[in-house]
Amino acid sequence: MAKSSRENGPREPAAGGSLSGTRESLAQGPDAATADELSSLGSDSEANGFAERRIDKFGFIVGSQGAEGALEEVPLEVLRQRESKWLDMLNNWDKWMAKKHKKIRLRCQKGIPPSLRGRAWQYLSGGKVKLQQNPGKFDELDMSPGDPKWLDVIERDLHRQFPFHEMFVSRGGHGQQDLFRVLKAYTLYRPEEGYCQAQAPIAAVLLMHMPAEQAFWCLVQVCEKYLPGYYSEKLEAIQLDGEILFSLLQKVSPVAHKHLSRQKIDPLLYMTEWFMCAFARTLPWSSVLRVWDMFFCEGVKIIFRVGLVLLKHALGSPEKLKACQGQYETIEQLRSLSPKIMQEAFLVQEVIELPVTERQIEREHLIQLRRWQETRGELECRSLPRMHGAKAILDAEPGPRPALQPSPSIRLPPDAALLSSKAKPHKQAQKEQKRTKTSAQLDKSPGLSQATVVTAAGDACPPQGVSPKDPVPQDPTPQNLACHHSQESLTSQESEDTYL
């Protein structure tokens, strides 16, 4: 990888030509010019001054390009209801994924509570299972020296990742250190793939929500399951998806498709950073998080939908095309998108309503792959098949996998915990009494049918294959108690979903 190519930006193809994509051509973000200037803000000598800066709810310095203005706050009671429902799902994840996956998808579309977002991403992506299947693997990779040809490139990229965020503002700070560890570990885990610059913002977003080891396994899942081949040497997968996006655009917005065709603008010029960074360097931060919530649940179709929505609203009407008379003006229009179309509520609603399915994407993928093979030959990168979301990843998991062991998240007051512990012996005594009564009936009635015995013992012993309900994890620390006092039950048959 040419280390200086990032500063030069992407090369525009000649009219009618095609762009031979390489991962060195990833465009530099709009804030990269000021990243070098701001990277010294967090030096050790200025650490004391950092506390005086105002930080927004997402961790960005107020007034910086990453920070957002006034946001619509979710009422506290609504947030507590959301947390309670998500805690129930996470603590019974396998059951929910098996029987109520549509409900999980609906709640991901409505937004994961911030306090549980990192944990939910781990469960949705399968990163939690990968971690349990590979205990100590990250530590082993972390202790290894790494390949020198990648280490220097990674180190040069560290200060470019969200330099206005409190985690990454300091050179050599804990955020940059963890980012280096995660990216280095991936080059050792997949030495044939190495490092691509677009992996850095993906890993940085993950580190904002979880520790380094968990972020590493989520990154593995993104690279291998959600976006396989995106970060390979020749960027063949991203080129194919560019053609898929352009073909789908013809159905979603014929006006935008016709304009881009007339201008002979290669899809790689506007969608490379969108797709490879999962819009982490494009959208306002609140929109990024909502898009990622849906992406981890539903897969790459969310990335396609977001791209199509942006193209449709940026170039989808004659009025908007008046200012786009040439290639340069069109590219600038797509690089400086209107804040309205990127606003969280508007964008998410448009993405949910856009009728683009996995089947359409896969059908178009086969068409574009056939064209590629006819004109360019076989793909050099043999990546794994793409998994369309959390359910597909779970279903494709080979053989028996370890049951997810949720960390205790439900907190009960000390009195409630004491009552719960006192109630257990009483319930066990009742069960023993029922078993004794059933045995006595058998002794007195030798002709009692087997069906009658099963019916009589049904209350005492659950049927085969149905496990008794797990006890609620207990923690004597009475913190955040109000989050778990909701009278609603996720296992009940609700007439309508009260999750707002």
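Using N, Cα and C of the backbone, Cβ positions are placed for all residues, glycine too.
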Out of Ser40, Ser261, Ser495, Swiss-Prot gives the annotation phosphoserine to Ser40
DSSP says Arg156 (site 'Arginine finger'), in three-state terms, is helix
For the domain 'Rab-GAP TBC' (111-299), what's the mean pLDDT in this predicted model? 94
